[in-house]
Amino acid sequence: MCCSILHHRNPRREHEFPAVVTSPVTENHIFLGGAGERGLTINGTFIKFTCIGVYLEDKADKSLATKWEGKLEELLETLDFYRDIISGPFEKLIRRSKIKELSGPEYSRKVMENCVAHLKSVGTYGDAEVEAIQNLQKLSRMLIFHLVLLKKNRQSPDGILGLSSSKDISIPEKEDAIIENKAASSAVLETMIGEHAVSPDLKRCLAARLPALLNEGTFKIGN
C-alpha cells in the first residue's frame, strides 16, 4: 500500500481501511480512494491525532478517470485534481479513527477555524455558511472525541453533510445529525486535501492510488 497508515509498524484494527464498503445511508458502493494521518499544529508542534480514509462512490470513475491520468508527481502539485474530488457529483465518506486523545471542544475549534479560513478565502462565507459552521461546531462538541473510536462524515452530491460516530470500528448505520450547506460540507474535505491540507499523507495516497484504481478495467466493485 502507498499510505504509511496502511502498513503501520504496530497496526490496530481501527486503523485499517477496507478497500470497498457500502454506505449505510444510501447503500451506494464506495471504494477507498486513499488514507493517511492527520494532525494539528498546537503551540508550534505538529501532533498526529487521527487516521483518515476517504471513500468515493463507484461512479467517481466516470467523473475522474478521463481527466486525471497523470503521474504521481504531477497530481501532487495539481490543486484542481483534489478540487475535482471535493466537488465531484458523487457520494464521499470520510472515516476517521483516533491516534491520540483530543477533547471535543479543542478538536472542533481547530477544524472550524480551518473551514472558516477556506470559506472566507473563496468568498463563500455568507450568513448561511456562518450558521452551518456554528451548527457543525456544536455537533462536534457533543461528540466528545475521547469517548469515540471512529467518526464518519458523509458528503452527498447535493450538499448534505451527515455526521455519525461509533465506539467500535463498525461504520455507524444511522447519522447523528446532518448539515445542509454545500459550501460548508465541501470545506470539511477541503481542509484535509485542499490547498492548505492538514493531511499531506492523505493527499499523497490519493494521487498514488486513484490513477491506478480508475484505469479502465482495473477497478470493479465486488473484486
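Every residue, even glycine, has its Cβ placed from backbone N, Cα and C.
The feature substrate binding site is assigned by Swiss-Prot to THR50, ASN114, THR191. When secondary structure is read from DSSP and collapsed to three states, THR191 (substrate binding site) falls in the helix class. Non-local contacts of THR191 (substrate binding site) by the CB criterion (under 8 A, 6+ apart in sequence, same chain) comprise VAL111, ASN114, CYS115, HIS118, ALA197, VAL198.
Positions annotated as site 'Important for catalytic activity' by Swiss-Prot: TYR107.
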Environment of THR50, ASN114, THR191, the listed substrate site - residues of the same chain whose CB lies within 8 A of the CB centroid: ARG38, LEU40, LYS110, VAL111, VAL188, MET192, VAL198, SER199
